[in-house]
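Only one structure is covered here, and it is reproduced in the block below.
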Amino acid sequence: DPEANMNATQLITSKGFPCEEHHPITSDGFILGMQRIPQPSKDRIPVFLLHGLLSSSDSFLTNLVNESLAYILYNAGYDVWLGNVRGNVYSRKHVSLSPDDLRFWDWSFDQMGEYDVPAMIGHVLNVTGHKKVNYIGHSQGTTSLFTGAIINGKSLIDRVNSFIALAPAAIVPNMQSPLHYLTYIANDVDLVYTLFGDGDFLPHDGFLEIFSKMFCPREPKICLNTFFLIGGTDFTNTNVSRIAVYSAHDPAGTSTQTVMHWAQLVENKHGTLKRYDYGHLKNLEKYGRFNPPTYDFSAFTIPTYAFCGFKDTLVVLEDCKKLMTLLPNVIEAHFIPHYTHLDFIFAMNAPQNLYSRVLKILSSSLLN
């Protein structure tokens with residue numbers, strides 16, 4: 001399939017849509033890649049989409065035109081902006097650091113929220129002249145807004161009109177994805193770096209092969225792709241003819257520290273979202289305390305519309321429901337039977353089961 005070799009801009013323009021590339025710079029020096037599908041009229045409402053763990057903006061573009069969220073939003077009249085956090089294939093530049101420098105990779109989703117999200121949203125608002133965006137996040141794309149809003153406070157919260165959270169990832173003590181097995185080695189830094197790389201998350205082939213055979217006996221070749229190994233291989237709702245395209249675009253890159261941060265949260269059975277744990281001495285240097293701070297969800301006042309899946313093994317239903325009790329401004333919470341973690345972006349029936357509701361939420365939230 002030729003789309004396997006296309007980047008985001010090519011995926012968009014090959015469908016006959018216009019596309020712009022943008023490159024906001026974070027306050028700590030990362031140069032982020034964004035794509036925009038602009039409307040002919042400049043007064044259209046901006047909608048910002050942010051991808052999940054190990055992914056990129058491609059995840060909203062790799063289904064068919066009538067099944068991909070980005071195209072559906074554009075055809076509904078919205079000004080569509082696609083974000084990419086530091087370290088993925090579109091955001092591997094920095095004003096002074098090279099990806100070959102380990103300092104380039106010294107971050108997790110704490111910094112995505114603190115720096116990347118404000119930079120991208122600020123850029124959208126500066127270009128469009130609007131005062132607020134509507135934010136749609138999938139998986140870690142929701143985490144980045146949670147962390148960003150809680151760290152930055154009103155300066156970011158006041159710039160988001162509504163938050164549509166697809167498989168919102170924050171409370172994960174009951175995770176069933178193979179990712180949770182990393183908790184056993186999360187505190188052995190040397191072993192972690194040996195298996196996954198000490199900067200860019202690139203699992204050693206031998207480790208990946210063993211893991212794939214253990215946890216995906218029916219689909220071992222597909223699970224050699226870490227994106228599916230972590231996100232799940234239940235393709236009941238998936239157009240299997242597109243799997244080669246998905247596999248070509250994901251995983252799209254992240255830091256080993258980000259993946260280890262998730263492993264730390266699975267290990268945290270209190271069901272809280274904490275900052276990255278560097279160990280007591282470095283925590284003292286970074287946070288002024290031995291243990292990493294906990295994020296206070298009561299500070300997250302953005303109007304939230306959440307969607308969770310019954311068959312999600314990464315953000316299991318129990319954890320998602322607990323998160324709903326912690327967020328102070330949940331307007332709606334939907335629980336979709338038979339949906340896995342990746343169905344929110346790849347399911348053939350997502351336009352009927354999910355995106356139709358997303359359009360109604362966007363329409364109604366603009367009237368409030």
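Cβ atoms here come from the backbone N, Cα and C positions, even for glycine.
Summarising the annotation, TrEMBL assigns active site, nucleophile to Ser139.
Sequence-distant neighbours of Asp312 (active site, charge relay system) (same chain, six or more apart, CB under 8 Å from its CB) are Ala167, Gly232, Cys320, Tyr339, Thr340, His341, listed in sequence order. Residues or ranges marked as active site, charge relay system by TrEMBL: Asp312 (among others).
Feature annotation from TrEMBL assigns active site, charge relay system to His341 (among others).
Feature annotation from TrEMBL assigns domain 'AB hydrolase-1' to 46-346.
If you draw a 10 Å sphere around the CB of Ser139 (active site, nucleophile), it holds 28 other CB atoms from the protein chains shown. Using a 10 Å radius centred on the Cβ of His341 (active site, charge relay system) and all shown protein chains, the other Cβ atoms total 27.
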